[in-house]
């Protein structure tokens, strides 16, 4: 039977900004997007700050965006939740955190804090690290060591010195704690199974393998002199009196304070997996460690979780499933967790009637080297699916504007957007031919701002609104929409009643 599918099409990191300088979205030749914008109802959505459950003025990101999109309601994000717990004293009494503290006291061992050192608020926040230091000291933990992962991606490419100085000031004010290793997130926070990167971070933390420096500031300066910005700092060791400050040993405790799961999973696995074949962990692989993660990274990780997920009922996948509608989730590797796990409110398993297609992202060092990424392959698979009338609802993510946008390079990002536009045309025209409709929008901004006012590369997300197009004639879109309104709009287009839990509203004016 012929289907008229309704699709959610996410152009990841494709924000809306009037200024054209440094704006890859404005400068790209995108005839398909422009044609839909000219011919169909369109507007903009808020995708940052309070509108997605983040602190005011905080830029959106893919995890938060997809969670809000799938939930059809504003979802209180981990960042806000942990901030609130610190403020209200719950953090200090958190069971999992206290179990880590107790473990070190019972074993006369050390506590190690892993995580991304910045205030980017995408994967972590430096305030949470400082709160952990204060709490561990209050609770009588003898020694605490920090394994700092440098950012340079959700914040400026060379901003780690200020975060290291903030951390060193906290250490000095508390007279407690020390930095043991420093690593760029490229190594410690890989998510694409490039195990040789993770291995470098792991071996620095466990074996003190890597270049040695007495001062983390000197380490970073040496890296800059070597043309390696924060993200790419090779894992290195901090020494005192010629000896490594600390390594993770048997009976120690680890708290991984990143709250966003996807880039914390692989390193966590390296420490906790019983069965392991990705690289040789060596004779020093620590035994009997207490491993605590700030949030649930993956149910398969043998760790205690400080902030368990809040279960969400009636997310878009569940509603479609309960209505007996078939649904497809499709993306390449980099955004596959977003259209599945995050879209399903932190649930890994498929709902009945939900199918998934994963297309591998290209194995290149950085995506500016291949700006089209796997957009053509994703589209080939989807076109085949639509032609065969497989699904009533489709959730598609094009990763390119975001992943190439993170390079801070304008030209490759323009190419990325042009590749996406070509493929967007193939998908949407086919959906329209089938009598279906699409909601085309972004989860957050990025590629519309590729340079700072000073003309330096801008690699982070932004707080700008995102464009939205609903490819249905004869309807009007209301103003003031946000990401939480997308799922109700999809249900509206499918003729399905919105459940009470979805507090977002359809964008289509009644």
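Cβ coordinates are placed from backbone N, Cα and C, and glycine is handled just like the others.
What you are looking at is a predicted structure, and each value in this text was computed from that prediction instead of being measured.
Here's what Swiss-Prot has on this protein:
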{"type": "ACT_SITE", "residues": "62", "note": "active site, phosphoserine intermediate"}
{"type": "BINDING", "residues": "12, 62, 443, 444", "note": "Mn(2+) 2 binding site"}
{"type": "BINDING", "residues": "123, 153, 154, 185, 191, 260, 261, 262, 263, 335", "note": "substrate binding site"}
{"type": "BINDING", "residues": "402, 406, 461", "note": "Mn(2+) 1 binding site"}
*List nothing but the one residue from 123, 263, 444, 461 whose Cβ has the fewest other Cβ atoms within 10 Å; the candidates are the binding-site residues.*
263
_Quiz question: given the binding-site residues 191, 406, which has the greatest number of C-beta atoms lying within 10 angstroms of its own C-beta?_
406
*Is any of the binding-site residues 154, 261, 263 within 10 Å of residue 461 (Mn(2+) 1 binding site) (Cα-Cα), and if so, which, in sequence order?*
154
*Would you find the one among the binding-site residues 12, 154 whose Cβ has the most company, meaning other Cβ atoms within 10 Å?*
12
*Spatially closest candidate among 62, 154, 263, 444, the listed recorded positions, to residue 406 (Mn(2+) 1 binding site) (Cα to Cα)*: 154
*10 Å Cβ neighbour count around residue 443 (Mn(2+) 2 binding site)?*
33
*Spatially closest candidate among 62, 402, 444, the listed recorded positions, to residue 263 (substrate binding site) (Cα to Cα)*: 62
*For residue 123 (substrate binding site) and residue 443 (Mn(2+) 2 binding site), what Cα-Cα distance in Å is obtained after rounding to a whole number?*
16
_62, 261, 402 as recorded positions, winner by CB count within 10 A_ = 402
*Distance [Cα-Cα, Å, rounded] between residue 261 (substrate binding site) and residue 62 (active site, phosphoserine intermediate)*: 12
*Checking the binding-site residues 12, 154, 191, 402, which are within 10 Å of residue 62 (active site, phosphoserine intermediate) at the Cα level?*
12, 402
